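Features reported for this protein in Swiss-Prot:
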{"type": "TRANSMEM", "residues": "1-21", "note": "transmembrane segment"}
{"type": "TRANSMEM", "residues": "45-66", "note": "transmembrane segment"}
{"type": "BINDING", "residues": "His51, His150", "note": "heme b b562 binding site"}
{"type": "BINDING", "residues": "His65, His164", "note": "heme b b566 binding site"}
{"type": "TRANSMEM", "residues": "81-101", "note": "transmembrane segment"}
{"type": "TRANSMEM", "residues": "146-166", "note": "transmembrane segment"}
{"type": "BINDING", "residues": "His169", "note": "ubiquinone binding site"}
{"type": "TRANSMEM", "residues": "194-214", "note": "transmembrane segment"}
{"type": "TRANSMEM", "residues": "256-276", "note": "transmembrane segment"}
{"type": "TRANSMEM", "residues": "288-308", "note": "transmembrane segment"}
Amino acid sequence: FGSLLGLCLITQIITGLLLAMHYTADTSLAFTSVAHMCRNVQFGWLIRNLHANGASFFFICIYLHIGRGIYYGSYLNKETWNIGVILLLTLMATAFVGYVLPWGQMSFWGATVITNLFSAIPYIGQTLVEWLWGGFSVDNPTLTRFFAFHFLLPFVIAGLTLVHLTFLHETGSNNPLGIPSDCDKIPFHPYYSIKDLLGFALMLIPLITLALFSPNLLGDPENFTPANPLATPPHIKPEWYFLFAYAILRSIPNKLGGVLALAASVLILFLIPLLHVSKQRSMTFRPLSQILFWTLVADLLILTWVGS
């Protein structure tokens, strides 16, 4: 899945650059510039749909990649793992600020709700939120800085990816048995490059199918309405890949408690290398750990379902 994530990143950066050429980061123009892109720019509709749904595939791949890493004990490569978690956090930040850019109803209210969470931080919270907004509400300054972040962060992700790979190459990658694989080493090209092409095809075909046949399947219809600070949508919810965290946030009545639980749900990944006590690396021969692992997977799926 690592190679697929690399492909996702490249695809997203290319489509994103093409979109940025036609996008206007201004509250009065953002929504219309996106509409103009889909109507008047050559293949603009396709580029936009690939970019929007590419994010979903990025998250599918990263969640599978993390799950696979937990299952096979890859987190024992501590540096690689920790940089991976930082990569996940950066990706989540990028996806969040990107979702705000079309400036539809859900963009605006999503930005309002999520940035507001920073006000739960004791003492500095309120100042921090006003500093983040560039004013007393989500408005033009917020949109322009979010565009700047959304442009910058993917390159940060690309840089971190190289560091991630550098640390991985210190030890070599893990395998399903969790044992050294020195005797099985083979040249990357042509063997792995051909093997990866299969994965590329298996990811790109569903992505293109989704972008061409039902591009709005995963989006929120609320985002077809231009942002209106005076009308709150009936239900504010993020894209599906954040629903598990959003469900945790919403289920706790206390604001600070919810924010802490939301943060902890992702930051817990940093602790996993410290919690490993087994003599075996992988879960292949540990039925009890397997039960716990699949319970975790089921939990996340149920949270995602409940969150919607």
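Here the Cβ of each residue, glycine as well, is placed from N, Cα and C on the backbone.
Structural mapping of features recorded in Swiss-Prot.
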| residue | record | Cβ within 10 Å |
| --- | --- | --- |
| His51 | heme b b562 binding site | 20 |
| His65 | heme b b566 binding site | 18 |
| His150 | heme b b562 binding site | 22 |
| His164 | heme b b566 binding site | 21 |
| His169 | ubiquinone binding site | 10 |
Subject >> Alpha-carbon spacing, His65 (heme b b566 binding site) to the residue listed as 'ubiquinone binding site', which is rounded to whole Å >> reply: 17
Subject >> His51 (heme b b562 binding site) to the residue listed as 'ubiquinone binding site' - Cα separation in whole Å >> reply: 30
**OP:** Quick one: find which recorded stretch in 1-21, 146-166, 194-214, 256-276, 288-308 has the most Cβ pairs under 8 Å with the transmembrane segment (45-66).
**Re:** 1-21
Original post:
Any residues 6+ beyond the ends of the transmembrane segment (256-276) with a Cβ under 8 Å from its own?
Top reply: 66, 70, 73, 75-76, 78, 81-82, 85, 88-89, 92, 117, 120-122, 244-246, 248-250
Subject >> Candidate ranges 1-21, 81-101, 194-214, 288-308 - greatest C-beta contact count to the transmembrane segment (146-166) (under 8 angstroms) >> reply: 81-101
Original post:
Whole-number Å distance between the CA of His169 (ubiquinone binding site) and the CA of His150 (heme b b562 binding site)?
Top reply: 29
**OP:** Sorry to bug you, but what's the C-alpha spacing from His164 (heme b b566 binding site) to His150 (heme b b562 binding site), rounded to the closest Å?
**Re:** 21
Original post:
Per the 3+ Cβ pairs under 8 Å rule, pairs at least 6 apart in sequence, do the transmembrane segment (1-21) and the transmembrane segment (288-308) touch?
Top reply: no
